[in-house]
């Protein structure tokens with residue numbers, strides 16, 4: 001079976017790898033010069049199934065209003081004048097209730113836990129290296145109210161069988177020794193020992209090389225113009241004025257998936273949520289993290305690679321604007337210096353990317369009303385966490401194989417206005 005995968009971020013490359021491993025003849029098309037050159041390039045680096053939490057949560061509307069008046073707020077909303085932005089925010093607000101939160105979190109954790117298992121199996125099979133560590137993640141609380149609020153998430157972790165440890169402030173240094181210097185600022189933390197970390201860019205490029213060895217044909221610097229539709233099927237994809245054909249097509253264009261599907265009247269509710277990161281060389285390992293630390297107050301993740309610290313976070317709703325906002329850099333630097341001042345900030349590199357976010361935070365993985373068009377997009381901040389599982393799922397769906405886990409609630413069908421099948 002011939003399959004064209006559109007997109008070479010971590011989701012697209014993982015899809016191509018698993019399709020090829022199961023015998024498909026795969027071509028990957030991308031406008032960039034190589035894999036992982038956009039959203040997958042500089043993300044925060046954590047693989048955190050246990051922290052797969054919907055952004056649409058009870059209390060978020062109130063917090064969003066409060067954050068509008070804070071200098072180092074984790075969320076910024078810049079109205080871009082589009083009706084789509086307002087519609088997306090309204091859809092998200094509809095999910096900010098306990099019932100929707102529970103449904104969405106279960107879906108997210110189902111994919112994320114499966115994905116971690118797939119990643120471990122892939123690592124065992126291929127020996128792939130990407131500055132990976134398996135030392136867990138630690139969520140930090142600066143306020144007692146945060147310690148109390150985390151009980152809701154702990155109950156979900158217990159239901160899903162996820163190992164965890166709730167720590168007092170004076171116990172944090174046992175997990176992250178460098179935090180012994182910051183104990184007076186912290187009241188406690190939630191440690192998930194089974195989470196992992198790694199450089200998504202290195203992983204995606206290494207996996208692309210493995211996929212090439214399986215026969216995947218990567219075509220970069222391509223102007224992917226449109227899908228050619230005939231009835232309820234895709235007949236081809238127009239690239240640089242020419243039409244390429246396959247038996248089946250997988251769309252993994254991230255934030256750009258929605259506009260690409262507009263001519264097909266598939267209303268994909270994926271909005272670009274802008275995030276930022278700093279990559280900082282380590283000069284003093286004693287003041288650097290061992291794994292990933294999540295600052296609950298500022299919603300910022302600080303991750304250890306081999307000789308670098310990756311600091312990522314923020315959520316900015318400003319359309320497809322890729323400008324670098326120095327205020328966001330100041331927030332990332334402030335949190336890093338406060339907790340782990342072991343890096344050379346003068347040599348830090350500043351980056352931004354667009355996360356493809358759905359209103360319910362759950363990715364869109366599965367079939368459409370077009371018989372040979374499949375979607376693998378909308379992973380938001382969890383594309384790295386969910387990549388391998390999503391790639392394996394979509395490959396099984398495309399090739400009509402039985403999936404390892406339930407796909408209930410993952411396809412575009414959950415958005416009734418999208419007319420999905």
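The backbone N, Cα and C atoms fix where each Cβ goes, and this holds for glycine too.
What Swiss-Prot says about this one:
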| type | residues | note |
| --- | --- | --- |
| BINDING | 3-17 | FAD binding site |
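In the three-state DSSP scheme, residue 5 (FAD binding site) is classed as strand. In the three-state DSSP assignment, the secondary structure recorded for residue 11 (FAD binding site) is helix. Long-range C-beta contacts of residue 5 (FAD binding site), restricted to its own chain and to partners at least six residues apart, with a cutoff below 8 Å, comprise 12, 15, 16, 19, 26, 27, 28, 29, 249, 250, 252. Minimal Cβ crowding within 10 Å, among the binding-site residues 3, 11, 13, is found at 3. A sphere of 10 angstroms centred on the C-beta of residue 15 (FAD binding site) encloses 33 other C-beta atoms. Taking a C-beta cut-off of under 8 angstroms and a sequence separation of 6 or more, residue 7 (FAD binding site) has the following same-chain neighbours: 28, 29, 30, 251, 252, 253, 254.
For residue 17 (FAD binding site), the Cβ neighbour count at a 10 Å cut-off comes to 27, with all displayed protein chains included. For residue 9 (FAD binding site), the Cβ neighbour count at a 10 Å cut-off comes to 30, with all displayed protein chains included.
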